């Protein structure tokens, strides 16, 4: 009885290490996705003034739109670069070393964006957003990997969900900080954008007190003593022996293998189902319509009678909903498992797509429909947070062993950021062409992914990385490549 009680809660040291990892990783990413929205008008006014002072002429509307779009979207290009180097850095510098070094990008970005107004250089905003994008890309690549490797098998899902919890908390924090009552006034926008240094400083103060990934120390570096010390600190004295045995078993399985490159994964037939799975779920995470739902949120809030100046608070409400469901996902994932949550999430999102299309089509038929549309927005966001938003990164980590994991995260991250960029590029045209019927496209995406996961992806709850690999090996025998 005592044993089971003790296992109900992770070691405090492990929780603090996870907090330090997430605050400078996915929190930072989420914060910088949302914080740029609030000062849109103020930054555009600054660009106009700077252009006028520099060239003695007002900037054209097209040039202003182009510069603003560049400031916003270059974050995505930085993220794409970040994921392509994140896996390599995690092998060379270690998981912890990469996370700590990554803060150099966010501190430099905060400095440049904070100084941009006083020195009259809007170019600093472009460079700063690119650097903070690199930071986000590296963080999204290395943080889930580190969390998965420092966690005991029993808590791997719960701690892995910290990635999505902190991402949503970061998005919500950016929305709150941008309110007029906080730093949303015109004179404060440089301070608002430079607050990205706070999570970086927190990580630099806390994370150095915790060890490198035990798996990295033993499997990649061959440091058994360092691995034991790390396990004692992170898992406690009583649980470190079973964790060490699990890592040693994985090491003996990988004897003679070195860290793989991304192109080597594509050439390895034994990994084809895992690789296809992470490509499908990472594409779907961006193409499932959640960004479209946020795009329509302001419209449906206005239609339901919420005044224009109050819609930012309603948007904060949707962010709070996503935080709540990400936290709920973290609590449920070790009870219900990964497969139930992610499949259930996509099924619920498919249903919401149908209802949202219908309620938007009948907006003017009855005063009830705008309120039903609002309910659909919240239901869709809740379904996303409970399933795909929380589980995707955990599966990215669990479907691969140590030598393939960094390359797998590079592939998953590249697919994710490219899909994010594609949605930003094509979504406005999809809306113009299909209007609210665009959600039927998202219905096809969500339902197709739900069917794929049901048929292909095994449950990974409470299984070691070696056991998960063996499940996929048996699938390869069922569906031979030749």
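A Cβ is built for glycine as well, from the same backbone N, Cα and C atoms used for every other residue.
Note that TrEMBL annotation is computational and uncurated.
Annotation source TrEMBL lists domain 'Major facilitator superfamily (MFS) profile' at 18-461.
Within its own chain, the transmembrane segment (66-85) is flanked in space by residues 29, 32-33, 36, 40, 43-44, 47, 59, 122, 125-126, 129-141, 409-410, 413-414, 416-418, 420-421, 424, which lie at least six positions past its ends and keep a Cβ under 8 Å from the stretch. Residues annotated as transmembrane segment in TrEMBL: 66-85 (among others).
For 97-115 (among others), the entry in TrEMBL reads transmembrane segment.
Listed by sequence, the residues of this chain that lie at least six past the ends of the transmembrane segment (121-142) yet keep a Cβ under 8 A from its Cβ atoms are 24-26, 28-29, 32-33, 36, 43, 46-47, 50, 67, 70-72, 74-87, 89-90, 95, 98-99, 102-103, 105-106, 108-113, 115, 163, 193, 196, 200, 393, 409-410, 413, 416-417. As annotated by TrEMBL, transmembrane segment applies to 121-142 (among others).
Residues or ranges marked as transmembrane segment in TrEMBL: 154-176 (among others).
The transmembrane segment annotation in TrEMBL covers 188-210 (among others).
When Cβ-Cβ distances below 8 Å are used as the criterion, the transmembrane segment (275-297) is approached by residues 265-266, 311, 314-315, 318, 342, 346, 349, 353, 356, 360, 377, 380-381, 384, 388-389, 392, 395-396, 399, 408, 411-413, 415-416, 419-420, 422-424, 427, 431, 436, 438-439, 441-442, 445-446, 449, 452-453, 456-457 of the same chain, each at least six residues removed from its ends. Among the features that TrEMBL reports, transmembrane segment is placed at 275-297 (among others).
Only residues 6 or more beyond the boundaries of the transmembrane segment (313-333), in the same chain, are considered here, and those with a CB under 8 A from a CB of the stretch are 34, 157-158, 160-162, 164-165, 167-169, 171-172, 175-176, 179, 294, 297-298, 301, 306, 341, 377-378, 381-387, 389-391, 394, 461. According to TrEMBL, the transmembrane segment annotation covers 313-333 (among others).
Taken from TrEMBL, the feature transmembrane segment covers 340-362 (among others). If one looks beyond the transmembrane segment (340-362) by at least 6 residues along the same chain, the residues whose Cβ comes under 8 Å of a Cβ in the stretch are 281, 284, 288-289, 293, 296, 300, 329, 332-333, 369-370, 372-373, 376-377, 379-380, 383-384, 386-392, 395, 436-437, 439-440, 442-443, 446-447, 449-450, 453-454.
Within the chain carrying the transmembrane segment (368-395), a Cβ under 8 angstroms from the stretch's Cβ atoms is held by residues 140, 144, 148, 156-157, 160-161, 163-165, 167-168, 277-278, 281-282, 284-285, 288-290, 293, 296-297, 300-301, 303-305, 317-318, 321-326, 328-330, 332-333, 338, 341-346, 348-349, 352-353, 355-356, 359-360, 362, 457, 460, all 6 or more beyond its ends. Look at TrEMBL and you will find 368-395 (among others) tagged as transmembrane segment.
Here the transmembrane segment (407-431) has Cβ contacts under 8 Å with residues 73, 76-77, 79-80, 82-84, 86-88, 90, 137, 140-142, 144-145, 259-262, 264-265, 274-275, 278-279, 282-283, 285-287, 291-292, 295, 396-397, 399-400, 438, 441 of the same chain, all six or more residues outside its ends. For 407-431 (among others), the entry in TrEMBL reads transmembrane segment.
What TrEMBL records for 437-457 (among others) is transmembrane segment.
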